[in-house]
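> Pulled these features from TrEMBL for this protein:
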BINDING   GLY146, GLU147, SER148, GLY149, ALA150, GLY151, LYS152, THR153  ATP binding site
DOMAIN    53-727  domain 'Myosin motor'
DOMAIN    938-1121  domain 'MyTH4'
DOMAIN    1126-1456  domain 'FERM'
DOMAIN    1454-1518  domain 'SH3'
DOMAIN    1555-1704  domain 'MyTH4'
DOMAIN    1710-2010  domain 'FERM'
REGION    586-608  region 'Actin-binding'
Amino acid sequence: MGDYVWLDSGTGVPIGARVKESEKGKLQLVDDEGKVRLSEQAALRPMHPTSVEGVEDMIRLGDLTEAGLLRNLLVRHKEGSIYTYTGSILVAVNPYKVLPIYTAEQVHMYTDRRLGELPPHVFAIADSCFFNMRRSQKNQCCVISGESGAGKTESAKLMLQYLAAVSGQRSWIEQQILEANPILEAFGNAKTIRNDNSSRFGKYIDINFNTQGAIEGARIEQYLLEKSRVCRQAPEERNYHIFYYMLVGMTPQQKTKLSLGNASDYNYLTMGKCTTCEGRDDITEYTHFLSALKILMFSDSDSWEISRLLAAILHLGNVKFEGLCVCSGVQVNGKALEKSLTQRSFQTNRERVITSLNSEQAQDGRDAFVKAIYGRLFIWVVDKINSAVFKPLPEDSEEVHQCIGLLDIFGFENFVKNSFEQLCINFANEQLQQFFVRHVFKLEQEEYSREGVVWTHIEYNDNQRTLDVLASKPLNILALIDEESSFPKGTDRTMMQKVNKQHGKGDIYMAPKNDHEKQFGIRHFAGVVFYDSQGFLEKNRDALSADVIELVETSTNQLLKQAFKTDLAPGTKRSPTLIGQFRKSLEALMKALAACQPYFIRCIKPNDLKQPEFFDRDLCMRQLRYSGMMETIKIRKAGFPIRYSFQEFLERFRVLLNTATCDPKTGHWRRGRSKIFLKDFHDTMLELERMKKLNEKALVIQRVLRGLKYRSQFLRKKAAALMIQKHWRGHQGRKIYRIGLTRLQARVRSRQMQHKYQKKREAATVLQARVRGINARKEWRRQKAAVVLLQAYTRGALARRAVRKMKTDVRWSRRRLLLKPFRRAEELASLERQRRLNEALRRQREADAKAQDNPLSDHEMVDYMFQFLPPAGGDQEGQGPDGFKDLEQRRMVPETVDLDELPMEEQELSSDEEDDLDEYSFSKFASMSFQGAATATHVRHRLAQPLIHHEDEGDVQASLTVWWIILRFMGDLPEPKQRVNPLAPGGAGSRGANALSVALSNEMMAVDSTSLERPMTALEKLHIIVGYAIVRRDLRDEIYCQICKQLEGNNNKNSYYRGWILLSLCLGIFPPTEKFIKYLQSFIRSGPGGYGPYCVERLKRTASNGVRGEPPSWLELQATKTKKRMTVTLTLMDGRTISVPVDSASTSGEICQMLSQKVQLKDSFGFSVYVALYEKVWALGSGREHVMDAISQCEQEVRRKGGQEQHAPWRLYFRKEVFAPWHNCKDDAVSTELIYRQVIRGLKFGEYQCRKEDDYVELTTKHLYIQHGRAGAAEQVKAAVQDAISSSLLEAKPEDKWIQMVNTAHTQGLYKAGDENAMKTDVVEYARKNWPMFFSRFFEVVKVSGPALAKSRFIVAINWTGITFLDERERRLVELSYPEVTGVNTVRWEEPQGVVSTVRWEGPKSGRSPSVWDPKSSAQSVCLLTLRGDFTLSGAMTEDLAALVLVFLAGLRERSQYGVALKDASNDATLLSFKKGELLELLKDKEFSLERGWLKARNDRTGKSGAVPAEALLILPTLSKPTNQVMVPHLYLSYQNHLPTVMSKNAGPERLWVHSREPLRLPLLRRLANNADHSTKACLAFTYILPYMGDYPTKQSQSSLELTDQIFGAATQNEALRDEIYCQIMKQMTSNNNRFSLEQGWQLLWLCCGLFPPGPQLSKHAQRFLESRERQPLAADCLKRLQSSRRTDPRKLPPHQVEVEAIQQNSIQIFHKIHFPNDTEDVMEVATSTRVRDLVQSISEKLGLISADGFSVFVKTPDTVLSLNEADYFFDSLRQITDWSKNAKLGGPVSVSYMVFFMRKLWYNVIPGRDLEADLIFHYPQELPKYMRGYHVVTKEEMVHIGALLFRIKTGGDSKQLAVLPKLLKEILPADQIKAFSENEWKKTISAAYNKQAEMTSEEAMLEFLKAVYRWQTFGAAFFDVKQTSDRTFPDIVRIAISKTGVAIIHPKTKEVLATHAFNRIASWCSGSTYFHMTLGSLVQGSKFLCETSLGYKMDDLIGSYVNMYLREQKAGQRQQRFNM
């Protein structure tokens, strides 16, 4: 009971039945059809369990029979499971009802799932197609077959919709592809007996995908439209849908225009006597049809023209021709139409013959015309659709579209009467069946044999013989029909005769029984079909008469002409037959299918009645049989449909490899010779396991990388913490040591000592007690014995003394009487001496006590210390130098320079540095640096060793000597008692000897203390201390430390002030080293009364200008005494004197700068400060020479001659020393005036001498004109002669003679008014050109090496003409012009300590400055590189010599216009052609810059001009064209020898890795050379790298952004080019000597590292390239960006303009301005790798928002506002939007302005008050405009409440503003509600509400506003006003509200919600340029909503964001579940 068995049904196929009960040996059964049957048990066969419940894959059936297959489909059909697998083949049974299995949830469920993982579904096949296309990179196709009405079209649509959904882009192109179906169905589908929506044409949709899997386009091919249906239909069938759509869907006005009525009015629509179709709403379908036309870019005129032609077809179909209507439809002449339909014309050899047609012929002609119109209209519609949805790739594109093809073609047909169309349809099905058989059976079994897989051959039904008869064999049936159609006299009868004759004997073709019958039969794979041959040839010819073609040609209907375009083309041959066209299309289709991996869907029609839940077993069995399903199941069950080559299998499933051995016998899989054969479930299992393993490996990688990351971070933090701990502990330890440890040590030591003392005391007490007892007893006994003895002797002695005394008294009494007078005098003298001694001692004690109690003040101490100075009085007494006596006579009150204008170079300390000085205490330095036990405090004894360690023994001895002198200077040690002759040289009272020379003497160096052991004055001590510091640099810190030590803790005030005076004097002479300077700065800040700031200032100045070379002068000592600055007076050559404030550190350069500013001298080059003393004059220059050194020398010289320093007659002058080669008198009139005065004075005093007498006269005449103009009075002429003629010349020739010559010349001179300046210029130019040696700077040098010269010690004179070597007699040894000098090198070397070279100072000769030894300079040497050899010169001032030469060379090269070519030019047409050694003249051009490495020049030989690379040109340092003597071949060779690096660049082709200026002809990487496209793009990128780096000139002005686009654009799209770009950039940065080019190269590399990483092979080399250049500013950041790009996805677009501008400004930080809704803004740092989500998170954190969820970044351009995708890179998104806006405007600006906003996008989980910052910054300003525009439904009470709140916000809570409330109504009420009540009513109610709100702040009012709005359903919604055409019940204009609840459609006027759609009901949506489209409900019968709006992209983005938000958690859960499988 209850068992299932198989029961014989009587039809040959057993039927399933269930045993109900058993009676008398018979069983009562209930079969699958519900019938009760009786049967014997012997006749039954048990049913396998798999057949009872049914299986999803029929391969798993236990009863593998036809009955098992049939029952499995039946069982699943009853359960509503219409899909069943047969391996990978899907069997679909048409349910004839809508099932809920096509929703969006189903789409998501089947996405990215393997076949067999979920129940069978058409979505699973579609997903497998998509998955295999992405995996194998091979095109896929799906062949959908079945009978008419089996559901092929719906299956194709479902697959198409699934692919559009799984593409995930929701792009407009996807919607266009989907919307092509309604159009094609309208034109190509019709109601038939078997199907209400039967496809009467075949179509193949080829869907194109890009590499990311997104749909990019599609192409539709149509096959064999059934045109005959337009003219006639079978009973109960309709014409094409479009006619019925149009007639019921058009408005009455449109129908009137086309003269249309109802469907029953037209013959073409009533032949089948069926004008309606149950279940189809023609009105709705017509609306969808019109919407689809709009989506597919059909214009309104196109739609109207289509309707016009369709109307014309209907009118033509009526028997009674309504000429007006027809003619208006096809827009032809009525007569012509009538003639073409009723007559036929034929062209004979002689004439055109016209014949009339009978009624039947005319009707056939009309029908042919109608079919032609409709057929060509259908083709035009398909072409129009293809033009909209097909986007062909560019010809030069490398990208290849991946495709999935869907074939939906007519099913096998067998009607009562079958015609030509059925033959073609069934022939196509035969081809598809053969494709199926070949793929499933033939190819599979052949491959098993080829691979050696053991296989049992399976027999199958092969229809190849049918195809041979129909189309393959020679003289096949279709060929015979085609052949007979080509004969004009061929008829259907003749055709049948040929076919019968050829194929009548076979079993495939069934000939008619006799010649009169027209039917013949064909044995198809689905059964025998009989065809009626009548009309075969006519239909095959498918030709139109020439009259109809001529008629169409006369039509004005453009659409009609476009449809007949091929027929109307001139020279058109006879159109091919229908069979020819069809076979050609079918062959192309089969080739396309053969190139793809196919999937098959077999559609089964369950019954012919189109009834749901009704299963016709016979019909289904027949379909299963002819489809070969039984054989398919067998071969699928036994076969292996999944095949991998060994390599492919290993690469894909390597992750699953656990062992090295495998055994095919262990599983149902096979190993062939080259492939692995698997079953479907094997592949599914492997894919699932692979995914699981990959997930596990990914987790492992993530775990390891995260561990590495966090370990690295931990180690860095640990190292940092250890470092901090180490330093902190050290700091704390030192602090504890300094503060507590000493105290602790003292206490411990005190306790230890106390304990020891107590122990010792106790022991000592006991010992003392015992010892004292013993000693006491011994002492008593000794004393007793001694007393006894003493008494005895005493008594004897007393007795004898008494006797002697008695005798003595007698003698003295006699002498006293004789000596009494003399004794008295001696006693008195002794008493006097004692009294005087006591008085002296008393006075000394009183003086010492007074000195201790009342020490000297600082002023008294200063006066005391400087008592050696003579009293101040007189200033520079005595005569000035001989050559400047005229200026002495004109000396007057000098001008002064304001102290505020001083250009003193000072090293100012910042406030942070001032604070840091607290850490640099002197005691700290002493503890770290002092030797031995030396401390930082004051002592009074001599040191055993220096305070600081010195390597040199001389420094050690000198340190001890200086310490001794400092102690004596400060009074801490007394002066030696040795006396010296006060008048002797060097004595205490003499200053005649140079104190510095004393300090520098060899005896002093040897520390001969005997010379110092004498009393010395304070000045002598000072000179000795300073002298040591000047000579011995390493002694300076020692001296300062010694002074500071004696000041630290010094309680003797006199000594203390002496030390500060000494310190202040030293600070003006020499600075400390960098090691000690901060400690010294910290120490002197605490100086006494006025000394602190004074010393700080002196230290800053001395540290800035360097050490002095002489001891302080008298002038400095006076200034130090008063702590004020000194003032010196300088005399200008025009007689003016200017007083300049100076200090000890003032340099000649500072004085020159001050004077230049004072006299407004612009061209100050070459002016110097001159010092004059007696007859000696020398230049100090305008550099770093100390002025006070020169004054000190002068004072010493005066003192040596016996004078006094304060009266030294030194003078300072400001004169021109040297001319620049480019000197121009017109640049500065002041300079010209001063030089002119200098020249006239020089002539007067004989300093300058002319060669000719006429020159004197000419210069004097010009001087006369300058001074007195044209007037030439005798007195004026005489004065001029006296001013310009020297006394020696006046002695040689009488003065009158000179006056006469000058007067004559002045009278003859032709002068113009205002020529004074020109005359001065002439005088100056004369002096410059004729006296270059007098205007030279001289340097005394010694030649170390170089070409042989007569002298090795000589003077180098440098002037504007060149460099001259002079001997002591001023004879010229060598003369060098500047073009002959190729380079200058300076070499510094230190002299040994203690060895000092001195140069004897002598007065200048001929105004030449002497070479004075500078003791502060190290020994130097300079190497002059010249064409005559390299001169190495040594001297004290060689550094200044080199600097001056370099200045002249650089200035000449900068101004030079001549250069010499260093190499031959390339053959590049854009460059100047020249040869090596040719002279090139430089031209000025703004496009070319030397910094960029390019110059514009003219070839002196050819006269042509062009661009020249700077490395190929050596600019000559000359202002004039080089002479032939210079331009000789050996000159160029010499240049080349000196510039080897320049000439070696790009010397050979093997140096491809170094910098080059030549474009590439081939890419650097070999792997790109074989690809023409890659090679071209790589070379093109390099041509843009060159101009960006300045390595190649460009005529076109291109911005940096345009260049970077060209450089990186191709590489961002093509991974193969990325390594090439890296190599090209690194190549240009290798051996690149152009600084500008190198900087630009670093910019490119910085950009490149942020865009994409190099490949694995190049990665380590790129990293090494950066690491080896770590000193470059951008190298570290490039390396950081490179490492970051390896961890992230590459960028998709080239750099944004912001990135390019940032790096061009050398900024590695990119900041972007972000705007907020409340009109505020902020600047955020955005990196190259910053994604939008990262930026959102950063902004949220900076603003302090609770959560970043729902916020987004928006970009506003002049055209649109777009939200950025959170997963994209910020700059990629920004670039994409700005480029889109730029391209949208043709001819628009190059740069598009934009603003970046940060706003809330998604309003979910928003509760006012939860996040106050978000409420105030975002929620309020975003919601307020919606309220003001009247989008919400709001009551009056709510408006009053909100109005009061807004009023409070507007006025800031000022109740006084209530009076003006009516004026603010527009700002506080919705726009559509202002007039709902009067102003007074609004004022009254709002004022009352305002008063009720108490003292509410503006922020609280904003929050209250949000709380009020939050209660509405439309809170947070985005509103869009659109025009809809989808629902006629809605108004044309509706308002769309998108919020967290879904999409609401609102009436814009009443604000009534017309419809609401939750997001889970929206199956799909997309937007176009002016449209927005939604599909609501399921994918099968969902409603569509289309609206016109320019904001569709916003709606699309907003809905997508909400849907993604809701699906995120669900999707994450599904993925986790799948990974866990």
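Backbone N, Cα and C atoms are what each Cβ position is placed from, and that goes for glycine too.
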> Can you tell me the mean pLDDT for the region 'Actin-binding' (586-608)?
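Summarising the region 'Actin-binding' (586-608) by its mean pLDDT gives 88.
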> Let's see if you can do this one: DSSP helix, strand and coil counts over the domain 'SH3' (1454-1518), in that order.
5 helix, 24 strand, 36 coil
> Can you tell me which parts of the same chain pack against the region 'Actin-binding' (586-608), counting only residues 6+ beyond its ends and a CB-CB cutoff under 8 A?
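Sequence-remote neighbours of the region 'Actin-binding' (586-608) are 73, 77, 86, 88-96, 122, 125, 128-129, 132, 136, 138-152, 155, 193-194, 204, 206, 221, 223, 403, 405, 407, 411, 427-428, 431, 435-436, 439-440, 614-616, 619-620, 623-624, 627, 629.
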> If you count Cβ pairs under 8 Å, which stretch among 53-727, 938-1121, 1126-1456 touches the domain 'FERM' (1710-2010) the most?
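Of the candidates 53-727, 938-1121, 1126-1456, 53-727 scores highest.
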> Apart from GLY146, GLU147, SER148, GLY149, ALA150, GLY151, LYS152, THR153, which residues in this chain have a Cβ no more than 8 Å from the mean position of the Cβ atoms of those residues at the ATP site?
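Once GLY146, GLU147, SER148, GLY149, ALA150, GLY151, LYS152, THR153 are set aside, the remaining close residues are ASN94, ASN195, SER198, GLY411, CYS603, LYS605.
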> Write out the long-range same-chain contacts of GLY146 (ATP binding site), meaning residues 6 or more apart in sequence whose Cβ is under 8 Å from its Cβ.
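Non-local contacts for GLY146 (ATP binding site): ALA92, LYS152, GLY411, ARG602, CYS603, ILE604, LYS605, GLN623.
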> Can you break down the domain 'MyTH4' (1555-1704) into helix, strand and coil residue counts using DSSP?
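The domain 'MyTH4' (1555-1704) comes out at 99 helix, 0 strand, 51 coil.
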> Mind giving me a neighbour count for LYS152 (ATP binding site)? Other Cβ atoms within 10 Å of its Cβ, every protein chain shown.
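Excluding its own Cβ, LYS152 (ATP binding site) sees 29 Cβ atoms within 10 Å.
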> Near the Cβ of THR153 (ATP binding site), how many other Cβ atoms are there if near means within 10 Å?
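Neighbour count, Cβ to Cβ under the 10 Å cut-off: 23.
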